[in-house]
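See below for the structure under consideration.
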């Protein structure tokens with residue numbers, strides 16, 4: 001349940017920015033890893049609640065710097081950059097650990113029980129869902145939809161595109177960072193290859209796309225069944241897990257590009273009888 005809740009929160013956070021703007025980000029694991037490693041590095045000097053605050057602030061700072069530098073990019077360039085960002089941060093952390101501290105990983109000993117992690121993730125997921133709901137029904141949500149449709153039109157409509165995108169990107173990043181920080185005590189030991197595993201980014205992306213990144217319930221409906229499926233696949237087909245993951249991703253992109261909710265709605269629309277125009281009698 002802890003792992004599933006973590007992915008639900010990640011999918012909601014990803015869809016919060018990437019859903020309406022249609023910016024496909026692979027930086028999920030960059031912020032997730034920042035949260036986990038912040039918790040590991042400061043676990044011996046800071047109390048646990050303060051660790052979450054520090055992790056969130058670091059994630060926010062990185063998101064603002066990255067957002068200011070890259071949100072002018074679009075399409076494949078943004079995708080490539082976000083993927084490279086996650087790898088860059090992983091390599092920097094690895095270099096620091098090997099050359100400065102002389103280690104490759106860190107132990108985390110915090111008085112946090114699995115039940116405590118579960119309730120914290122549940123609270124974070126509920127908060128992320130509530131923010132997504134509120135934004136979708138606000139003027140900000142409308143501005144995001146216009147930006148996703150056509151940034152030129154949005155600019156001519158008086159929308160501050162850079163500010164809106166930066167704000168949502170930062171909020172999304174903080175959610176992902178907190179997921180990593182909350183889950184870190186569960187591992188006991190963390191190293192760069194664990195905290196910055198690129199599979200996290202791809203799983204989050206697939207989950208959000210399956211349910212429908214533009215739908216409020218989409219990330220949840222995508223994350224829950226896919227997490228259960230991936231857990232079963234990794235346990236029963238460990239040698240073929242990556243291949244199956246790739247096939248699932250390709251299938252979703254081609255068969256369900258707008259998510260399963262959109263597919264169901266269109267299916268129902270085709271089943272409904274079409275009202276015929278009334279005949280005109282002369």
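Just so you know, glycine gets a Cβ as well, placed from its N, Cα and C.
Residues annotated as transmembrane segment in TrEMBL: 45-69 (among others). Sequence-distant neighbours of the transmembrane segment (45-69) (same chain, 6+ residues past either end, Cβ-Cβ under 8 Å): 27, 30-31, 34-35, 38-39, 85, 110-112, 165-166, 169-170, 172-174, 176-178, 180-182, 185.
Long-range neighbours of the transmembrane segment (76-96) within the same chain, counting only residues 6 or more positions beyond its ends whose Cβ lies under 8 Å from a Cβ of the stretch, are 23-30, 33-34, 37, 66, 70, 104, 192-193, 195-196, 198, 201. TrEMBL lists 76-96 (among others) with the feature transmembrane segment.
Among the features that TrEMBL reports, transmembrane segment is placed at 116-135 (among others). The list of residues near the transmembrane segment (116-135) in space but at least 6 beyond its ends in sequence, with Cβ under 8 angstroms from a Cβ of it, reads 1-2, 5-6, 8-9, 12-13, 15-16, 141, 144, 168, 171, 175, 178-179, 182-183, 185-186, 216, 220.
The transmembrane segment annotation in TrEMBL covers 166-182 (among others).
Feature annotation from TrEMBL assigns transmembrane segment to 194-211 (among others). With a cut-off of 8 Å between Cβ atoms, the residues of this chain six or more beyond the transmembrane segment (194-211) that come close are 7, 10-11, 14-15, 18-19, 24, 26-30, 32-33, 36-37, 40, 83, 86-87, 89-90, 93, 105, 180, 184, 187, 217-223, 225-227, 230, 245, 248-249, 252-253, 256-257, 259-261.
Within its own chain, the transmembrane segment (216-235) is flanked in space by residues 3-4, 7-8, 10-12, 14-15, 19, 129, 132-133, 136, 203, 206-210, 241, 244-245, 248, 259-261, which lie at least six positions past its ends and keep a Cβ under 8 Å from the stretch. Positions annotated as transmembrane segment by TrEMBL: 216-235 (among others).
Residues annotated as transmembrane segment in TrEMBL: 241-261 (among others).
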